Each structure stands twice: as structure tokens, then as C-alpha cells.
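Per Swiss-Prot, the feature region 'Amidoligase domain' maps to 1-267; the stated evidence is sequence analysis. The CTP binding site annotation in Swiss-Prot covers SER13, ASP148, ILE149, GLU150, LYS188, THR189, LYS190, PRO191, THR192, GLN193, LYS224, and the record cites sequence analysis as its basis. The UTP binding site annotation in Swiss-Prot covers SER13, LYS188, THR189, LYS190, PRO191, THR192, GLN193, LYS224 and rests on sequence analysis. Among the features that Swiss-Prot reports, ATP binding site is placed at SER14, ILE15, GLY16, LYS17, GLY18, ILE19, ASP71, with the record citing sequence analysis. Swiss-Prot lists TYR54, GLY354, LEU382, GLY383, MET384, GLN385, GLU405, ARG462 with the feature L-glutamine binding site. The Mg(2+) binding site annotation in Swiss-Prot covers ASP71, GLU141. The domain 'Glutamine amidotransferase type-1' annotation in Swiss-Prot covers 292-534 and rests on sequence analysis. The active site, nucleophile annotation in Swiss-Prot covers CYS381 and is backed by sequence analysis. According to Swiss-Prot, the feature active site maps to HIS507, GLU509, an assignment based on sequence analysis.
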Amino acid sequence: MAKFVFITGGVVSSIGKGIVAASLGRLLKSRNYTVSILKLDPYINVDPGTMSPYQHGEVFVTDDGAETDLDLGHYERFTDTNMSKLNNVTTGAIYQAVIYKERRGDYQGSTVQVIPHVTQEIKERIRRVARETNPDVVLVEVGGTVGDIESLPFLEAIRQFRKDVGRANVAYVHVTLVPLIKAAGEMKTKPTQHSVKELRSIGIQPDVLVCRCEQPLPRSIKEKISEFCDVPVECVIQAQDAPSIYDVPLVLEQEGLAQRVLQILNLEPQQPDLREWELLVQRLHHPQEQVEIAIVGKYVRLTDAYLSVAEALRHAGLALNAGVTLRWISSEEVEERGPEALLADVDGVVVPGGFGSRGIEGKVATIRYVRERGIPFLGLCLGMQCAVIDWGCNIAGLERANSYEFDPDTPHPVISLLPEQKDVEHLGGTLRLGLYPCRILPDTLAAKLYGESIVYERHRHRYEFNNAYRSLFLESGYVISGVSPDNRLVEIIELPSHPFFIATQFHPEFRSRPNRPHPLFLGLIEAALRSRSRPQALQLQNTG
């Protein structure tokens, strides 16, 4: 039978529950325990797929096509385990299921209520993860902050869960904040006390407290928290601000988090093997070289909108002993100031995904600039579509070439709606989503980078390269290096006479791991390092 660890958060939002859950998952896995992680999100959206990136950040896509919270990206990267639609549940999905069952007559005339019907559905989703993934330990992160009205059904469900499965099979970990009042030079425990009091009023006594702090917690502060919160002092875990998220597992291991959790769950406290992770962190902090990569996007005001892109770049840097500095550039700013003012001194450029026409001209101008100057370039999803628009307008002679998404009246829709999307009415969950195969053409940059003839990548799009223009693009020097196995969909394009210019319709960033960087990002950083070693960027005019 699986054991369960419930991770809640208090005092403030964005306190780091997801990183704590992912780090604990890594620590348990390093002890040869299998782990699955579930994120419970208290918003009423069925999933985050239609939410603004400014409100939610990145939408992380799993192999099975689920549009999920960005924390699932942390879970995958830290535990090196694929998540699925089982691993993210929202209030909206819970209520949708409950209402469907009520309409079907499953409740046999009962008055449908939060308790027991909603809480039973929540508990069933938790059990389903254990049943279908069969891990030793299920970690459950409860989104939101203790005290939020939206989180109450989830907290009630996890309170009941210990009674359902037995006290020895459940541990409660509460992540809280111990702020430093700099004017007084004191660390204050009162916010933690009140947060635990709120949690206890619901009926949950935390077993472990993970205390976020700027400075080390003195023993006296730990003892005070222990006294007021009724938690053993050894279970008051210091989580001091770390230089990077990849330091956090090592910080929590030093504090004994995994050991305490295993004791509570009556599991063997096996010796961890963190040698690979320690080497990774050492490389992160002591790079031998540096590169600067520009990310030119629509949502750079909230960098979490491109979280997996940023992490994939860092992963590639780690493998090459190179530090990667990110320069965040709004594509709208490119429209205002021009690419020369913003990109002249970068070592490489990524144009990531997005939706809608805002900022598109800036993305296209960016791609033309890097194409003509030989700056290493990687386009992702919308980034590939903008590369196609640039080539159509500026090389292939297609005046006013555009995407049907941005200009339905364009005379040259080089990017068109997927045929299966033409009758779609709803936005949510209707994109081409999840893992699909891609056939790599031999003797191409993609073939060199992947080293395989068939690869599998995650998708999230509604528009695709228009095959009516495929011959024209090939004749004008474009190389289509990746296609769907039936040759219907263009998946990868590249320019062979450019030092490094490749773009994909899929999202390779979702499959990158710290210990296994994605080949396309690895290729970009390698090219950026080569570019940096040159006295100046190669000047190319109208090249591929």
C-alpha cells in the first residue's frame, strides 16, 4: 500500500510548496523509493489551458495531452518521472465530475453537498494516482494558502484521508514563512504560529514544518516554533533562500526532511545517493564559460510564462559547463525600438510559443535579424510559425504572407488551421495536445542533434505549416527536417547555410531534464558558445 504526504502552505502565496514537493520527491527517489506527485489546484477552471499566462504562468503539457500547472514541470524535472493528467486536479474538474455524476443519477436522490460528495471525489482522485501509478509514496501538494476559502474542500478531504487509510500511512508537511524584520533585526514566528493555528482549526496537525527564511534559523527560534506549534523540534525544517531551485533538495537533505518523513511513515530510512545531483549543482555554480541567450516573447513581464524554456536552457548549459544568462525581451519592444538595439550583442535567441497577434511583428523582425546576421536561433511552436512568415515575406516572394490566425484575409496563409480544428467551437482542451511521433530526415541538423530517425515530442497548437506552400519553400532554400510519420504535418524547419537556425512546431522544452538536456537546446548553447568565440557575428544577407 502506498504512503501519502500532504504538503500545504501558509502565510503567503508562492511560498515554494511546489519546489518542496519536487525536492522531497527527489530525496525519496535517491533512496530508491518510487514517487508520484499530485497537484490539487483550488481554482474553478477545469484546467489552466485557457488562463492568461500573466495570471497563471506557463501551461505545462504532459505526454498524454493534459494542460497542467507549471509545478508539474518541477515534478518531472526533479524526479525524472513523467506526469500525466492524473497528476493535476482542479476544483473545476472536481465539480464537473460531481455534477456529471449527479445528472447521471449516481447519487440516487441524495442532496449533493461539499461533504461528503465533493470531498469523496477529491479523495478518489488521490487514490487513483496511487492505484494507477503504484508508487511507494504519493506526494500531494495542495495549492493556495491555508485560510483561503477556495482550499477548504481540499483541506477537509486530506483531513479525512488519514482516518481512511490509517495514521501511519499519512504525513502532513506545512510550508510556512519566518520573516526577518530588518529594522528590528529579528525573525518573527507569529505568522507561522497563526498559520498552524488556522490549519489545526480545520483538524490537521502538521507533522513537519518547512520554514522559509532569509537567514539561518537559530536553535531558539526552532524551539519556539516547536513549542507553540506542537511539532518536535527536529521536525522544524529550515529552508533558507537558496541560490537556485536545484540547491533546495540538498538544503532539505541537510536539514533531514526526508528522514523525518520516512520516520513518520514507518519506512526504512535508506541511505540517499545524491552524487549526480551534487555534481549538477556544482556545475551550476562553477561554470567554465558564459553565454547570454535572449528570449523574445509576448509574456516576458512574467517570466514564469516561459519557465520550461528557461530551465531547458540552463540544463543545456549544465551539460556544457556553461552559465546561461537570460535576457528577457518583449516582442512589442522589438517593434518599438528595432531588433538591432536589443539583440546586437547576444549569443543566441529563442522565440517561444504563444497565441494571438499582439507582438507578432516583433517576433518576425527578430527572426529576420538573427537569420541575416548568423545569430544562433531556436524557434518553438509560434516561433516556428513566425520563422515561416519571415521566409515567406522576405525570401519566397509572398507579399503579405501571414498566419490565418493573425490575418484571415492574407493572400498567402503560409500557416493554416489544422483540418481537424475547423469545426471546433470550444477553446478549452481542444488543441493538438500531447506526445506525437516525428520522423527526422537524414543529413539534416535535426538528425545530427537527435541522432535518431523517429522522436517523440509534446505539442500544444491549433495551427500548422500550410502544405500548399511546401514546394515553394523547399525550392527557395528551406529545409523541412521533421515531419509527422504520414508526411502530412511539418514539425521541424531549418536553414542549412546558417550557423544554427532551427525551429519546431512542438515544445521540446517540456522534455528537458537537468541530467538529460534536450538535444535542440544543447545544440543552441553549443552554437552560442561557438558564436561567442568569434570576433564578431557572421553577416549573412538573405540566407538560409
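Including glycine, each Cβ sits where the backbone N, Cα and C put it.
In sequence order, GLY10, VAL11, THR176, LEU177, VAL178, PRO179 constitute the residues six or more apart from PRO191 (UTP binding site) in its chain with CB-CB distances below 8 Å. Between GLU141 (Mg(2+) binding site) and THR189 (UTP binding site), the C-alpha separation comes to 23 Å. A 10 Å cutoff on Cβ-Cβ distances gives ILE149 (CTP binding site) a total of 8 other Cβ atoms nearby, all chains included. For the pair formed by SER14 (ATP binding site) and MET384 (L-glutamine binding site), distance between Cα atoms is given as 32 Å, rounded to the nearest Å. If you take the C-beta of ARG462 (L-glutamine binding site) and look for same-chain residues 6 or more apart in sequence within under 8 angstroms, you find GLU405, LEU417, LEU418, GLN421, VAL424, THR430, LEU431, ARG432. For GLU509 (active site), the count of additional Cβ atoms within 10 Å of its Cβ stands at 30 [all protein chains shown].
Taking the domain 'Glutamine amidotransferase type-1' (292-534) as a whole, pLDDT averages 95 in the prediction. ASP71 (ATP binding site) is 21 Å away from CYS381 (active site, nucleophile) when you measure Cα to Cα.
When the neighbouring Cβ atoms lying within 10 Å are counted for each of the binding-site residues (SER13, GLN193), the highest count belongs to GLN193. Between the CA atoms of ILE149 (CTP binding site) and GLN193 (UTP binding site) there is a gap of 19 Å.
Between the CA atoms of LEU382 (L-glutamine binding site) and HIS507 (active site) there is a gap of 10 Å.
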